[in-house]
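Worksheet for the structure shown next.
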Amino acid sequence: MDPTISSHDTESTPLNETGHPNCTPILTLSFLVLITTLVGLAGNTIVLWLLGFRMRRKAISVYILNLALADSFFLCCHFIDSLLRIIDFYGLYAHKLSKDILGNAAIIPYISGLSILSAISTERCLCVLWPIWYHCHRPRNMSAIICALIWVLSFLMGILDWFSGFLGETHHHLWKNVDFIITAFLIFLFMLLSGSSLALLLRILCGPRRKPLSRLYVTIALTVMVYLICGLPLGLYLFLLYWFGVHLHYPFCHIYQVTAVLSCVNSSANPIIYFLVGSFRQHRKHRSLKRVLKRALEDTPEEDEYTDSHLHKTTEISESRY
């Protein structure tokens, strides 16, 4: 068993050798995860349907489509995991191997989600800082290629993590090396996300040549902020605390469930962010989900957007008179 995902074992221990109180799962948190995942799956399914079948593909929409796919995958893993925890709580049968597999499977969408978010922030940062170079040298299908590479790399890391954890008892050094690689990769992604987001924020808000604020940059900023608050703690718990061999006793052994709830909130919040940003300052009669999502991903300043909308309405009125 991979020590990075040994939270199931720490929570089901009746009494440890130090005499600390029993650390059983908190049922309220499991039900909270169930509710959060259902809401998040509904929102991400709508995003997948709109971007996959109802809207024209653009560079940013390819990233958002894959991010919604990673969030849905992650929420599915935690939905089933919480269901098994509730079954265990009431004394019904739940195979331990299934929970271990789910714990390792959730690593795949977690890595891919962070990678896609870092790619979005980095690409928009390059577009703002060096626009001419970016538009001249960017390959046409770069978004799809990057997302495909991210998924392949995430699956390879997830499979390696599971396999090394399976052999962890006899090959202790193996899972340590694999976990070190995954931890280093996550730290690199976090630094890339933080650096590119900070540079993008400074370029938009500060300096003599500030870039006009658009809905797309508001969407990216809110998504990154929610991830840093809600999504990052789970990664710190799984890949740093357990890699350094920190054993959490009561009441800190419940940190895994708390970070799981926060990470589910992070994956569920992204569709809400898209629809809130897209529906801001929009007339109610024009609030179709497709239109709202399209506006949330538009890289057009508010003034230009208002002008284009006003010209479009004027054209429609003039055409209706003839």
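Using N, Cα and C of the backbone, Cβ positions are placed for all residues, glycine too.
Quick look at what Swiss-Prot lists:
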type: TOPO_DOM; residues: 1-30; note: topological domain 'Extracellular'
type: CARBOHYD; residues: Asn16; note: N-linked glycosylation site
type: TRANSMEM; residues: 31-51; note: transmembrane segment
type: TOPO_DOM; residues: 52-59; note: topological domain 'Cytoplasmic'
type: TRANSMEM; residues: 60-80; note: transmembrane segment
type: TOPO_DOM; residues: 81-100; note: topological domain 'Extracellular'
type: TRANSMEM; residues: 101-121; note: transmembrane segment
type: TOPO_DOM; residues: 122-142; note: topological domain 'Cytoplasmic'
type: TRANSMEM; residues: 143-163; note: transmembrane segment
type: TOPO_DOM; residues: 164-179; note: topological domain 'Extracellular'
type: TRANSMEM; residues: 180-200; note: transmembrane segment
type: TOPO_DOM; residues: 201-223; note: topological domain 'Cytoplasmic'
type: TRANSMEM; residues: 224-244; note: transmembrane segment
type: TOPO_DOM; residues: 245-257; note: topological domain 'Extracellular'
type: TRANSMEM; residues: 258-278; note: transmembrane segment
type: TOPO_DOM; residues: 279-322; note: topological domain 'Cytoplasmic'
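Assigned with DSSP, the residues of the topological domain 'Cytoplasmic' (201-223) fall into helix, strand and coil as follows: 14 helix, 1 strand, 8 coil. Counting same-chain residues at least six beyond the ends of the transmembrane segment (180-200), those with a Cβ under 8 angstroms from any Cβ of the stretch are 107, 111, 114-115, 117-118, 121-122, 124-125, 128-129, 157, 161, 217, 220-221, 224, 227-228, 232, 235, 239-240, 243. Residues 2, 5, 7-8, 60, 63-64, 66-67, 70-71, 73-74, 77-78, 80-81, 84, 146-147, 150-151, 153-155, 157-158, 161-162, 165, 182, 185-186, 189-190, 192-193, 196-197, 200, 220, 223-224, 227, 231, 234-235, 238, 263, 267 of the same chain lie 6+ residues outside the transmembrane segment (101-121) yet bring a C-beta within less than 8 angstroms of a C-beta in it. Long-range contacts of the transmembrane segment (258-278) within the same chain: residues 29, 32-33, 36-37, 39-40, 43-44, 46-47, 64, 67-68, 71-72, 74-75, 78, 81-82, 110, 113, 215, 218-219, 222-223, 226-227, 229-231, 233-234, 236-237, 289, 291-297, each at least 6 residues beyond the stretch ends and with a Cβ under 8 Å from a Cβ of the stretch.
Long-range contacts of the topological domain 'Cytoplasmic' (122-142) within the same chain: residues 59, 63, 192-193, 196-197, 199-200, 203-204, 211, 216-217, 220, each at least 6 residues beyond the stretch ends and with a Cβ under 8 Å from a Cβ of the stretch.
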